[in-house]
Amino acid sequence: MTDEIPWGPTGELVYNRTYARTKPDGSKETWPETVERVVDGNLALVDRRHMLEGEREDLVRLMTKFKVLPAGRHLWASGVKNAQHLFNCWVAGWPEKISDHFQFTFMRLMEGGGVGANYSNHYLEGYPEVVNPLRVEIVCDPEHVDYQAMKDVGILSEHYSHDWAGAYAIEDSREGWAAALVDLIDTHYRPGTVHYQRVYDVSRIRPQGAKLKTFGGVASGPLPFAVMLQKVANIFSEYAGITLDGIAAMEVDHAIAQCVVAGGVRRSARMSMMHWDDYQIDKFINIKASTGEHWTTNISVEVDDEFWRLAKEGYGSFAVAREDMPKQKRAHRVLKALSEGAVRNGEPGMWDSSLSNVGEPNRVVCTNPCGEITLEPWEPCNLGHINLAAFVTPAGKTDYLDLIRAHRLMTRFLIRATFSEVADPKSREVLDRNRRIGVGHLGVASYLALTGSRYSEAPGDKRFTQFLREMAAEVDSEAERFAHDLRIPVPVKKRTIAPTGTVAKMPGVSEGIHPIFSRYFIRRVRFNLNSDMAELRRLAAEGYEIEKDLFAPNTEVVSIPTKDTLVQAVEELGWDEEIVESADELTLHQLLAFQALYQMCWADNAVSFTANVHPDAYEAEDVAADLKRFAGLIKGSTIFPESSFPQAPYERITKQQYESAAAKAVEDGVDEECANGACPIK
């Protein structure tokens, strides 16, 4: 059966590591078994009378051959009894009680999802002042397996015993951990508090290394959670007598994410945003460099129509009113920071809230961590993808009939997914109201090359732009038909482009709409020490370079010399490899033009796209000029310089360097990190 599955070079490895579930007999699923589980689980979400004739068979066929692929969370959780957590990422809002924000963030991250939040201070200014400074005291039964480790690092209280009846006993569950966090935060705001030591008993928390069944991975033990409680208490205590501001709230969420990343399979994924005219915007933009922290999040600046109006005009322009000049100065300063960050290390990114809110029934406030879906507070993203490259015939033509069928079926798949359970009533309300879905494309660069087209020429190719509009119309019409059949609102928006990092690796096609990074490169893959040790040992035995991750705990980095698989495919067709254009052969203008093409002709949601550039090829002024040129045409931007930090996800090498390494060609050119064009959330 394996030979019949069109795996990419590392596709089976990625599947076995990420999506294959353990069966009752202890063996792992095969890909056909996963497909049947996913399809049957999805179809069971609505009454069978709403199923099309042959719909199950078509979905199984298309998914088995990697022609359609739902987002990784569907592959992992669809059809799993009592664990159908089908949504990848969320946006956390700012409700009446501030602890609800942090509880929501903690719960979604512990479930393996990603969380975005907008930390602009106008969202926090209505909260009351922090009342009480508190000191967290941690106690634990000496019989606990991790007791000595906690004692050795000095986390345990010297003043309280685990036998004290007044200690808060933390239950060993996600809900129990979140409840303790809420208790701590609410105590900071509770008038009349007499005792400023809050004692938490972690004796019931399972020890480090215990297996986690629902979401995979292993337990981190009580230590990271205890550290988080102390960090959170320290942050709130610093604000006793004043209102928590956006930067402080961001620090709390970072502490929460650090706790989550300490155990389990996945790294935490977050998006942090702040409005360009916020009084803390300069501190926000420089927060990673100035603190050495906040590695759990991507950061983006929220801009809007006013920002572009002011940024496009020169100082002293008669088009800018005198009272707007201070704002204009800030707009120019922020644009300069965006542009300098792009050529320095890729951050911050940019998100256009004015353009993103066009067509929205209610205000969207942030994106998911990878930036392809703009969301209301508490709303999840719900993604599925069409692999365009899989519909190219051996003659280099497009199988339009099957491609149209694929777009329609993925639309129906995602609408059904909106009926799945969610843990938070706030999310249920917005999900029922919006029914937002995100049908996307992957393998786009592969599709263009395999049909004889150059990536750089696509924005000016009327046939390709018409093709995108026709496929978009198929999604929209099917969404309307199916929603009416189900008697639910038509999805508010339906089409997107996601980075598709992990799922694209299974068929081995280009990720999302990205060009290949380079024909030859070193790709660095992150592995979790707790859950991926067997694979790490195998790769070490094969001679790959392995080193500790400099940024994330419990993680090792494997360096793999790689020849891009698309180059191989083109060579096998007898074509010149130069029809495959890599990122280093494309200008920033050409890259942003391709993003704008997909934003205008395909996506009503957003387009997640990383323009990878050589840092020596562009000055900040060049980036600013292109950002202004594409203002109003793209909803966000991430411009990322190659090799901008140690252990960069990819590093360009020459053909000669690749051949001298005598390495097996294993993958295409974009890594799994959100900030660099792909997503770690499965």
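From the backbone N, Cα and C atoms, a Cβ is placed for every residue, glycine too.
Of the listed cysteines (CYS366, CYS370, CYS381, CYS601), only CYS381 is recorded by Swiss-Prot as the disulfide partner of CYS89.
A separation of roughly 11 Å, to the nearest angstrom, links the Cα atoms of GLU372 (active site) and CYS89 (disulfide bond). The Cβ of CYS370 (active site) has 34 other Cβ atoms within 10 Å, all protein chains considered. Between the CA atoms of CYS370 (active site) and CYS89 (disulfide bond) there is a gap of 9 Å.
On its own chain, CYS381 (disulfide bond) has PHE87, ASN88, CYS89, TRP90, ASN368, GLU372, ILE373, LEU375, ARG436, GLY438 as residues at least 6 apart in sequence with a Cβ closer than 8 Å to its own Cβ.
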